[in-house]
């Protein structure tokens, strides 16, 4: 016997799957105990190169395929022309550091806003390992280097923090950013600065130029470097991303998700009924307060949020 849950391979599909699993756990737990409940694992991508086609379930699998036998042929240089020689080991370490970087930046955005953190990333603040409001004011008082994307000046300063006016050199767009003293005192900021320094030590300073054969791309940030490498590696490859099962035609749906001979299923098991009951009660129950406390305690740990 098999009861197969088929949902889209995105955050909405995961939400629907969780609701159905909650129903089964609460009202029909015997089906889970008997091993009858399965989750269909539809692919995220369809990759076509020449006459060959394949379906891909995970982002990590896609990256492995795109970069196979190509990494060491990349030419990557930073803003000073210093090369960043890619190998499989270095790329894996770079992506691990980048994930940490994105996680700490995401946590900072929760408390200090997207604009302030983006300004941190695009200015010299992280490059210079600024540790306080006073360090920031001293940095801004220095002449801006030509490579700096902003002209900056302090427009207000008080005990709580500093307001900085930035004028983007390429567009003339002016913005005022409020950087609170608590930002520089936050553990998340210190960790972000630490990982930023490790990325510079490993790869150099953005922006980067990425080249593979006749293909070239520019990467203004550490995040963009990963994107540029993958995009250049994927030239000549047709890639379709499936946002949902409804985007597949009938043959694709059968081949990837419904045909017993080719589909991929994951069996739903329950090793600890007491823990499962506690988690379901907290996250899916009628009481709001335990759920709110869980979200507040764990919000800072979220990375790569899909909203």
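Backbone N, Cα and C atoms are what each Cβ position is placed from, and that goes for glycine too.
Worth saying up front: this structure is predicted, and the values here are computed from it rather than measured.
As recorded in TrEMBL:
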- 1-43: domain 'Toprim' (DOMAIN)
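With a threshold of 8 Å between CB atoms, the same-chain residues lying at least 6 positions outside the domain 'Toprim' (1-43) that come near it are 55-57, 242-246, 248, 256-258, 263-270, 276, 280, 284, 306. Assigned with DSSP, the residues of the domain 'Toprim' (1-43) fall into helix, strand and coil as follows: 22 helix, 7 strand, 14 coil. Looking at the domain 'Toprim' (1-43) alone, the prediction's average pLDDT is 87.
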